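Everything below concerns the one structure shown next.
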Amino acid sequence: LQAMSDNESDNEEDWLALRPQEPSPSQCCGSGCKPCIYDVYEKELAQWERAKAMQDKSLLMGKKEQSNNSELNPDTFTAFSVSSVEQLTEDTYQYKFELPGNSSLRLSLGQHIVLRGVVNGLEIQRAYTPISPRNAEGYFEVLIKCYEAGLMSQYIKTWKRGDVVFWRGPFGGFPYQPNKHGELLMLASGTGLAPMIPILHSITEDEEDETFVTLVGCFPTFDKIYLKPLLQDLARYWNIRIFYVLSQETSLEKLPWSYQENTYTGRLNEDLMKTIINSCRRKPFVLICGSSAFSEDMSRYLKAAGIEENSCFVF
């Protein structure tokens, strides 16, 4: 009898070892993903409880923490290999990841994916938006700003070519339709530029799409503007205008002449917002991406300029 209860306790320990771990708050990226890491946990816990009740471990075989088949999936993390690391500014990097063969991530416009990192034994997750064109084959690219004290940043800064990184998704996105809006006004602060880039690519690559775009990029200084060559190329299209608002620059004189005409110094405030909206060729639909404080400020200025909430989308 004693032996039997030993077996039972061993068995109980086996089951406890298989029990899914509840995520810590740091693992949730806070972007409203569906399924969220907590949804995945609830599903796996229910699966574990069912298997335990039936004493059948084979019921857990379908549980996959991660996959190596390089197919992006919202429920499980998939391994992708870093193919290049490019430093854009002192704290911002562009990372390129390999996709097998000529496959593509097939994201909808502005969708984000969630990165998993482990720092000091703590698992963390953050959301990032790929900036590569939707139809990019064999690779995808992500723009990431690293923060001095950021946990995920500590992990990201260690990446080098050939490292394997785990992503899941896609989530979110802006339901863009060609020619649905006369003009898009894009308000982006720093890496908030990321979800705007695929939408800009989509508009410039579609000859039938005659949507006007006014992109306003907010950065501290001229040196901290990301992706200058790409933005300069996009600004050459007849229907794309790009303005820069540089909060820490005091004079435009030191800027290259090609930037002086479309750059403002100081902050994007209510008056400047009205000026930009009045210069739009049609009443704009507004896309906003940046910190929560930036989004709140922009929403307030837009309201003062007569733009209704139903004419805005916040990433």
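Cβ from N, Cα, C; glycine included.
So that you can see what the record holds, here are the features copied from TrEMBL:
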- Arg126, Tyr128, Leu143, Lys145, Met152, Ser153: FAD binding site (BINDING)
- 75-177: domain 'FAD-binding FR-type' (DOMAIN)
- 1-27: region 'Disordered' (REGION)
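Of all the binding-site residues given, namely Arg126, Lys145, the one with the smallest number of surrounding CB atoms inside 10 A is Lys145. Between the binding-site residues Tyr128, Leu143, Ser153, the minimum number of other C-beta atoms within 10 Å of a residue's C-beta occurs at Ser153.
Taking every pair among Arg126, Tyr128, Leu143, Lys145, Met152, Ser153, the residues listed as contacting FAD, the largest Cα to Cα separation comes to 14 Å. Looking just at the domain 'FAD-binding FR-type' (75-177), the mean pLDDT is 88. Residue counts of the domain 'FAD-binding FR-type' (75-177) by helix, strand and coil are 6 helix, 51 strand, 46 coil (DSSP-based). With a 10 A radius on its CB, Met152 (FAD binding site) counts 20 other CB atoms from all the protein chains.
Taking the mean position of the Cβ atoms of Arg126, Tyr128, Leu143, Lys145, Met152, Ser153 as the FAD site, the remaining same-chain residues with a Cβ inside 8 Å of that point are Leu115, Val142, Ile144, Cys146, Gly150, Ile156, Thr191.
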